[in-house]
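Asks: According to TrEMBL:
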| type | residues | note |
| --- | --- | --- |
| REGION | 1-37 | region 'Disordered' |
| COMPBIAS | 13-26 | compositional bias 'Low complexity' |
| DOMAIN | 46-301 | domain 'GCVT N-terminal' |
| BINDING | GLU240 | substrate binding site |
| DOMAIN | 326-403 | domain 'Aminomethyltransferase C-terminal' |
Amino acid sequence: MLRAGAALGGAGARRAAPRRLATSGAAAGGKRDDAAGQEKLKQTPLYDFHRHHGGKMVAFAGWSLPVQYTHSHLESHLHTRQHCSLFDVSHMLQTKVFGRGRVKFLESLVVGDIAELKPNQGTLSLFTNEKGGIVDDLIVTSTSEDHLYIVSNAGCRDKDLALLQNRVKEVQATGGDVSLEVSENALLALQGPAMARVLQAGVSDDLTKLPFMSSAVMAVFGVPGCRVTRCGYTGEDGVEISVPANRAVELADLLLRDPTVRLAGLAARDSLRLEAGLCLYGNDIDENTTPVEASLIWTLGKRRRAAMDFPGASTILAQIKEKPKRKRVGLTSTGPPIRQHMPILSPEGKAIGEVTSGCPSPCLQKNIAMGYVETEYSKLGTALTVEVRKKRCLAAVTKMPFVPTHYYTVK
């Protein structure tokens, strides 16, 4: 997501487990004119804040968001890995599901075991279609306030809302007790090894008791009613803070008072998530990709597999048994950077797949990518080539994440 949105990743992701300035008229994410000739883009409650701080604004999933600030992409990336960065991820869709039938309702749409979640525990899950394709990835938290809190991708907002709202109508038509609410809160992601020290100074809750993929409502630096979830899209220890939209700039300013914290944008977020082996919806997964092909089998709840009661179960379970024809893999390469849509070739020159994401790794100082290859070529260490501007560059299937992740667990 991934999360451009919610946080997708390898097997460890779920098991351990994304205003001092006056807000504009678009404070709750409304549309406003960009430069002449450009389409109208939605804006987060921090739009003017970004401009004030030197944010270079670009179009992303229908929103105007900062791609970077005054520091370079490389500096922002490395600062996040070494210290702490603040990202505006308010474009993500936040929803709440209420009612006695909320768990059964959501399980009719996703592959995860939502019923097993403890109060304020979350999980990454997937909306799937009847063919087993991934409609979107999402983080679901079973809150202690008697509702499910969902964060899903901005680029899938319309179809996700339609999916949820149509299912709500179906359930209500049969007498089921379920309702849906779209949150207008902003969402801030504080990511990096200094996160816990920075945030602890502004909260009374003990963050050592808040492990990865858990959540709590608390006041943050005096801003009440914030939901703090320990998760993120960088591979580092981090939190996502759902904050009332009219207090988002205030909270961002308060977090930036710590000199360790810097603002970071989409460019750093993308390279960070790729180093962490996390998928970007629309690039690395989509409705034509199954959880098995995407190496996301770990998102399937054991009970759900046995019951075969999620959309596309027959296709997905058959692929688990028989193995899919293609698989998502990590790649490292030499030569020029490899990018999305570049062909992946066997040593003999046969086209066996395609790159879905790629960039030079700031931490490893070599090219990294992910993509899909025919399953017989998916073994770690397999030598392949990638066609870059009609030239073949050596590549190898490589374990993901490319850099170690630092998700926080309670010892």
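Backbone N, Cα and C define each Cβ position, glycine as well.
No curator has checked TrEMBL annotations; they are predicted automatically.
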Asks: Could you tell me how many residues in the domain 'Aminomethyltransferase C-terminal' (326-403) are helical, how many are strand and how many are coil under DSSP?
Replies: 3 helix, 43 strand, 32 coil
Asks: Near the Cβ of the residue listed as 'substrate binding site', how many other Cβ atoms are there if near means within 10 Å?
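Replies: There are 27 of them.
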Asks: Please compute the mean pLDDT of the model over the domain 'GCVT N-terminal' (46-301).
Replies: 98
